[in-house]
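First comes the structure, then the notes that go with it.
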Amino acid sequence: MCSLASGATGGRGAVENEEDLPELSDSGDEAAWEDEDDADLPHGKQQTPCLFCNRLFTSAEETFSHCKSEHQFNIDSMVHKHGLEFYGYIKLINFIRLKNPTVEYMNSIYNPVPWEKEEYLKPVLEDDLLLQFDVEDLYEPVSVPFSYPNGLSENTSVVEKLKHMEARALSAEAALARAREDLQKMKQFAQDFVMHTDVRTCSSSTSVIADLQEDEDGVYFSSYGHYGIHEEMLKDKIRTESYRDFIYQNPHIFKDKVVLDVGCGTGILSMFAAKAGAKKVLGVDQSEILYQAMDIIRLNKLEDTITLIKGKIEEVHLPVEKVDVIISEWMGYFLLFESMLDSVLYAKNKYLAKGGSVYPDICTISLVAVSDVNKHADRIAFWDDVYGFKMSCMKKAVIPEAVVEVLDPKTLISEPCGIKHIDCHTTSISDLEFSSDFTLKITRTSMCTAIAGYFDIYFEKNCHNRVVFSTGPQSTKTHWKQTVFLLEKPFSVKAGEALKGKVTVHKNKKDPRSLTVTLTLNNSTQTYGLQ
């Protein structure tokens with residue numbers, strides 16, 4: 001999924017959650033209750049709304065009593081279940097105010113909780129009575145005495161209590177400041193460690209992708225939080241219509257099945273599957289676009305079939321043990337860029353039922369020789385004379401960067417050669433780093449200036465109607481384009497010649513979502529980065 005916002009808005013239906021939730025209802029009865037409450041209130045009495053309906057109350061205690069009796073939401077149980085103290089409680093209240101989740105969702109949450117972000121310290125409602133509630137009373141209930149010790153008046157006792165609370169608040173703020181400072185030191189240490197470490201360990205059964213921490217992987221997921229990349233992907237007709245045709249033309253694969261959509265984005269594949277007759281569809285995505293996806297699902301009245309879960313597939317807890325079908329649009333530039341296939345294979349190993357299927361199921365990567373002397377000169381020879389100055393040293397920075405662009409088919413000078421065949425049902429994560437010898441049959445005498453790579457996608461297993469699409473330069477262009485590896489020193493080739501070479505593909509050791517590609521060709525070796 002070469003797509004890369006924040007979709008979290010303070011409206012009903014945008015919930016940072018692990019499930020797609022039905023929208024709360026504002027019934028006429030609730031409005032009537034609110035009117036009755038307003039009529040009975042003294043003028044100027046401060047009110048606060050219920051967390052789950054429109055009723056108003058004049059104290060936190062009344063509000064929580066109502067939540068417990070009418071909505072089966074017990075704040076005492078919630079605080080103890082998650083070990084919430086002052087700041088955790090504040091975040092919880094603001095999270096509910098901002099995201100409007102259902103009671104069922106709130107009662108189903110387990111750690112990690114979705115209200116940990118600093119943004120939930122900001123009050124949603126001005127003068128919210130619930131934020132003035134002392135959550136520590138839930139841990140240490142105290143009885144209010146009817147007489148005051150040592151001859152203190154009631155006012156004096158209140159003042160002393162306020163001083164005690166102020167001191168406790170200052171202590172908590174100081175502790176939070178120290179915690180933030182420690183956290184920053186830890187982050188800096190982790191960044192320094194990553195930048196100075198060349199090797200990540202990886203076994204054949206696990207992926208370094210699964211081990212990435214939030215601060216390491218945040219840029220990747222945040223890039224998918226903006227609508228723009230999803231618009232680009234949805235408008236890619238080759239991509240989107242291929243998935244649609246595969247699903248709609250093979251409904252037997254989805255009828256009454258439980259389907260998992262890994263990296264669901266806006267939910268388009270989940271909705272295709274639901275329309276094809278799936279019994280249940282689970283969409284998982286870590287990016288903020290999931291909040292818009294929740295609204296999209298409700299707008300299309302598919303919330304009874306589709307459940308959306310926010311988080312990494314390696315970390316979330318699905319509401320089912322096994323699924324029948326896994327679908328995902330995981331492909332990146334040169335197929336493997338972004339390493340999202342690692343996550344799909346993780347999901348397959350953990351959740352796919354025996355006899356289940358993963359789609360797309362077959363993928364191939366191919367190379368082809370390119371001759372485009374003008375473009376090579378524009379990007380490489382350009383540095384030999386820049387306004388009369390020599391800048392040839394810049395070539396060392398330009399050449400190692402793979403270029404993603406749409407090639408003119410007329411620049412192709414060889415037949416393609418496959419270098420990798422992936423069957424998603426049998427491939428392991430370790431197979432995604434590989435070396436391959438290749439031979440390119442030259443079709444036209446010319447100068448070879450670059451080698452280009454692209455991939456083809458197949459929906460085949462159990463399909464009555466097979467669907468295939470290509471990202472090659474001779475096919476309709478897609479948002480994946482082609483990946484071009486410019487040669488430092490072009491060389492001549494003759495028609496009919498067999499140009500032999502070797503390619504090695506690895507994850508970047510410092511950024512495993514990026515790729516390192518090494519080409520050996522014409523007695524020369526060059527390493528390229530795709531990032």
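Placement of Cβ uses the backbone N, Cα and C atoms for every residue, glycine included.
For reference, Swiss-Prot has these:
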- ARG239, GLY263, ASP285, ILE313, GLU314, SER343: S-adenosyl-L-homocysteine binding site (BINDING)
- 217-531: domain 'SAM-dependent MTase PRMT-type' (DOMAIN)
- CYS2: N-acetylcysteine (MOD_RES)
- SER25: phosphoserine (MOD_RES)
- SER27: phosphoserine (MOD_RES)
- SER171: phosphoserine (MOD_RES)
- 48-71: region 'Interaction with ZNF200' (REGION)
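DSSP assigns ASP285 (S-adenosyl-L-homocysteine binding site) to a strand in the three-state reduction.
The Cβ neighbour count for ASP285 (S-adenosyl-L-homocysteine binding site), using a 10 Å radius and every protein chain shown, is 27. Other C-beta atoms found within 10 angstroms of the C-beta of GLU314 (S-adenosyl-L-homocysteine binding site) number 18, with every protein chain shown included. Neighbour density for ILE313 (S-adenosyl-L-homocysteine binding site): within 10 A of its CB lie 24 other CB atoms from the protein chains shown. Long-range Cβ contacts of ARG239 (S-adenosyl-L-homocysteine binding site) within its own chain (separation 6+, distance under 8 Å): MET233, GLU329, PHE469, THR478, HIS479, TRP480. Residues listed for S-adenosyl-L-homocysteine, ARG239, GLY263, ASP285, ILE313, GLU314, SER343, cover a largest CA to CA span of 26 Å.
Using a 10 Å Cβ-Cβ cutoff, GLY263 (S-adenosyl-L-homocysteine binding site) registers 25 neighbours.
Mapped onto three states, the DSSP output places GLY263 (S-adenosyl-L-homocysteine binding site) in coil.
There are 23 other Cβ atoms within 10 Å of the Cβ belonging to SER343 (S-adenosyl-L-homocysteine binding site). DSSP states for the region 'Interaction with ZNF200' (48-71), grouped as helix (H, G, I), strand (E, B) and coil, give 12 helix, 4 strand, 8 coil.
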